[in-house]
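Visitor: Once you've had a glance at the structure underneath, I'll fire off some questions.
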């Protein structure tokens, strides 16, 4: 009996924590929160009307008691670093679901929105009462102080009444800068790689809540006192790396691949797409991580029965590839071929120089030997019939003059 009680206690100790963990995780194991009604000019979905998958159906969220703490939980659950604003009054349109949720009361540190207290209703939200969020785009580093005189982000500058986060990122990217900072609703400042953007320290994101001139749902810095308060982004972290090109193919798009953009592929002349896929720049597993989603495309050679001269055909393909490559760089195969030709020419040139120098040295030695007095004496003796010749120990008699 005692052993049975011990066994039950051990089982309960092992199972109970796992049961509590299951209660803490939302019922949906796939996706429990999504954003709807995003603006058409937004490439990556980082803002929109909040919908929650609860009890087997998608439900709208009403804006009653909806605040930035609730929005923070939504954005983190979706993989963003945080929320810039909690949007109310159906900023992203009215809901389209039959049921709704409201009165969320998050602390702001929860992992999932369904971990917060809330209420449900078997009806839609009233007109103008749906809740939304605007999440920070990937690359957001935080709100930082900067001096009004001698600013650290001072490598380039742009001011625009329709300033947005993406516009500032694009501007600093085009200027080949590493950091982008937004201030006072309309101003964009850039910093080079190595810029000490946190030289004056960071402050809470609540100090950088001025609405951008071009997008009310985005934050563009904060109020200015003795210091600027700047919303700082890492330009490199805000974009996917350039996708790998398929063999004998290229990427159709050029420029930065921001969050939400896609990459498509094509093949050079003489090849065709064997597997035509599109890659999408999406959020990764880590905060501020962007990765490509999808399968890579491949190019396959088109058989040409009319081509007898394969070398000419290959050269034509390489020339066409070079033309299509444009400003993105030369074709790797052509580069390798050119490099080999140049190296071969240099080696041949060096060999020719060595041979020429050797011939010159030999000729000079022969001339010098002919001008030697001893050589001239021997030549004169031979011409007079004396028979004298030179030896290492001095002059000696030839065999014909020796006594027998």
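Glycine is no exception: its Cβ is also placed from the backbone N, Cα and C atoms.
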Visitor: In TrEMBL, which of the ranges 318-340, 341-363 has the transmembrane segment annotation?
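Guide: Matching range for transmembrane segment: 341-363.
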Visitor: What range among 269-302, 371-404 does TrEMBL describe as region 'Disordered'?
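Guide: In TrEMBL, the region 'Disordered' feature sits at 371-404.
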Visitor: Could you list the residues of the same chain, at least six apart in sequence, whose Cβ is under 8 A from the Cβ of residue 116 (disulfide bond)?
Guide: 70, 73, 104, 105, 106, 107, 110
